[in-house]
Amino acid sequence: MIGVILVSSLLMCIEGEFSDVPEKYSQYVRHLEFVMEPVDFFLLLIFLMEIALKWADDFPGFWNEPWNLFDLVVTCASLFTPIFDVTFPDSHEDESLEYLVSTIKYIRIARILRTLNVVTRLKKIMIIWGAITRTFGPLAFITVLMLLFFYIFAIIGITMCDRFTKTHITNLYYVHRFENLGFACLTLFQIFTIDHWFPILTELMQVMDARVACVYILTWLLLGTFIFKNIFAGVMVNNFQNIREELVNETYEISNKSKLFRDFDVQIDALQQEILKTPDSKKDWETRVFHLLDLIKASQGELSPSLWPRDTLFHYYVILEALGNNISERDELLNILNEALLHHYN
């Protein structure tokens, strides 16, 4: 499926590269489209088959997985193009359907989103995706705090740079960057990305007090570029570290459980060998059984619930029923023996 997804993405890349070619190459492009359309339709059938297999395997569980819903939406969006081509075969020549053709074209682009499904099929990429999604919660509060600082510095910039905005110097390129709140926030974001911050500072120093301009720009650089960016990086690194520790703990627990199960297998094998070798093994059997029960009781927190196979469980119930019948027959025989002994002595 990873290969199918990559081939589908490659086809879209080829379509985009040959969407606008000179007229002399149009014939080759038509031949290429004649080959690519059936391949694209075949890939779409594979994606539909995958969804059908997931439904057949676990239909209720399919709807509990967000990636499955995402794949279903993208696949359904990809169906619009072949359905539209079959319904309106001459749509490219009909001017009344021009708007509908453009809409279908944009819906067709949604196929490229299927490339994101590679995330669910590669474990290491899934770890990175998990770290990114975990940062959404902590980063939301950090983003709110950063937006507050954006607003504060934008208002300060509009007020402080009023002289710079109304200057009559004609060779200033950034003279309109602090006219209103929108332009001020855009300028602060540009400085936040360390883009053209020095030319902006140079133009401010030509009109305003150089010390005030330096303090304003450098303070925002220190606060936004260094502090907030490091906070974002720290949250990401912390989440990666947490995921790594969880994976290490999970691997350690699996290793311990495997070792515990191997110990039980060794105990059971040794018990079976001793039963076969010892003529009177009843006493040894009870000792070993109670020893195993003590081991199970001591490791209750480490063992997962045992699931018996259906045939073994049924056989166990049959043996219990036979044991109950034997006990009933034994009680009847003891009663008959008691009556016979009483009748004999009388």
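In case you wondered, yes, glycine gets a Cβ from its N, Cα and C as well.
Caution: TrEMBL annotation is automatic and unverified by curators.
Remember, it's a predicted structure, so these values are computed and weren't measured experimentally.
Outside the signal peptide (1-16) by six or more residues, the chain places 32, 36, 39-40, 43, 46-47, 50, 109, 111-112, 114-115, 117-118, 121-122 with a CB less than 8 A from a CB of the stretch. What TrEMBL lists as signal peptide is 1-16.
Positions annotated as domain 'Ion transport' by TrEMBL: 2-246.
What TrEMBL records for 139-160 (among others) is transmembrane segment. Here the transmembrane segment (139-160) has long-range neighbours at 178-181, 184-185, 187-189, 208, 212, 216, 220, 223-224, 228, 231-232, 235, meaning same-chain residues at least 6 beyond its ends whose C-beta is under 8 angstroms from one of its own.
Positions annotated as transmembrane segment by TrEMBL: 181-198 (among others). Proximity of distant same-chain residues to the transmembrane segment (181-198), defined by a Cβ-Cβ separation under 8 Å and at least 6 residues beyond the stretch ends, is recorded for 150-151, 153-155, 157-158, 174, 217, 220-221, 224-225, 228.
According to TrEMBL, the transmembrane segment annotation covers 210-228 (among others).
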